[in-house]
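Here is the structure we will look at, set down as structure tokens.
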């Protein structure tokens, strides 16, 4: 699998264009709100595409195609759970999140509980976000290596520098514009070209069913255990991801956040099924690929006309970048808002905080590249990150919106205790087991409720301020 000259040129020009967008965002970002949450002014016609681009990154697009190649239509479950998780945010808490006008989930924990819970929660969320960025950069490097025949470390370095460059320059404005363009290319590439042309090559749906074993068309072909694992990791995990919440904070209104998240979820479900079918088409056309994740790039190169295939592949690569840039910005935002602002310089100017966030992106980005080059494969690290995120902070974050009796002592005990349970369970049962995240959630719930009941009730004034800030919360009688 290799690119011809025009496709190579299109990908190079596209990457250079991303840096140009970064400079535009730099000129546009005048305030901290501009830099971190795009001025909280993203309308719904842009909100849905950019939120979709965040969740439909490398794991969803390239990985989803690979799962379809290996398991058939049931490979869509990963993306389906991501989409349903985002839709659940829309139904359950998007209005409250938009009303809070916050920057981080740590800030929300502090406003509902106390700064102690915010600090430990931000630490867990920061580890998760940076790990997501690392895995995406490795994915980009792997695909570029296959397409361009360069060394993996070189491609990781190039991809990392581009992501760091436009993210550090323009912050959320740059990330939003690039993600919007990436969504357009991904959508056209998948639904207008790759899917119709691929089906044409195999003789349509009837040809596909004739060539593949019936198990490839079973919704549980990937295994019930795997479907449950994806639910625990991705549905619950994406509901509390800093990168996702930070996008909710960019909405121009609570209605945009609510309707936008629900629409994004619906789009993601359709997209996930489409990429799984593309993987199945690739299996018929190119059986025996050593790396299933290269099924989608191979299909595009072989079925889409030259030039257009380069643009679509650039969009796929950028899909991975859209997840990496959001995760990198999220980790820097957590550091700026929940560490620097809280403990180092609480009285600094907005200009200073914006500078610190830019420097944070540079420093964390360099670390991202270094770790990606050193380890090359972070499947276990990614599982650990999702297990910690969901097992440790899902309960206190959801309880912040749905239970008035929670206390900061309960939140801290829940986060710390469940983190220990998750890590210990993974040491005993391994990374492939569902038990660590289940045990973590149970421990988190038991600790949060029991400690809150012993130390509660929470201060009336703080609870009243919280209910007022989320607007739709009922008053205390």
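Placement of Cβ uses the backbone N, Cα and C atoms for every residue, glycine included.
As written in TrEMBL, here are the features:
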| type | residues | note |
| --- | --- | --- |
| TRANSMEM | 6-26 | transmembrane segment |
| TRANSMEM | 47-69 | transmembrane segment |
| TRANSMEM | 75-95 | transmembrane segment |
| TRANSMEM | 150-173 | transmembrane segment |
| TRANSMEM | 180-200 | transmembrane segment |
| TRANSMEM | 220-241 | transmembrane segment |
| TRANSMEM | 262-288 | transmembrane segment |
| TRANSMEM | 308-335 | transmembrane segment |
| TRANSMEM | 355-375 | transmembrane segment |
| TRANSMEM | 381-403 | transmembrane segment |
| TRANSMEM | 410-431 | transmembrane segment |
| TRANSMEM | 437-456 | transmembrane segment |
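Long-range contacts of the transmembrane segment (6-26) within the same chain: residues 147-148, 158, 162, 165-175, 177-178, 181, 301, 306-307, 309-311, 313-314, 317-318, 321, each at least 6 residues beyond the stretch ends and with a Cβ under 8 Å from a Cβ of the stretch. In this chain, the transmembrane segment (220-241) lies close to the transmembrane segment (437-456): three or more C-beta pairs between them fall below 8 angstroms, excluding pairs fewer than 6 positions apart. Most Cβ pairs under 8 A with the transmembrane segment (47-69) among the ranges 75-95, 180-200, 262-288, 381-403, 410-431 are made by 262-288. Of the candidate ranges 75-95, 180-200, 381-403, 75-95 has the most C-beta pairs within less than 8 angstroms of the transmembrane segment (262-288). The list of residues near the transmembrane segment (180-200) in space but at least 6 beyond its ends in sequence, with Cβ under 8 angstroms from a Cβ of it, reads 21, 46, 49-50, 52-53, 56, 61, 207-208, 271, 274-275, 277-278, 281-282, 285, 296, 299-300, 303-304, 308, 311-312, 314-316, 318-319, 321-322.
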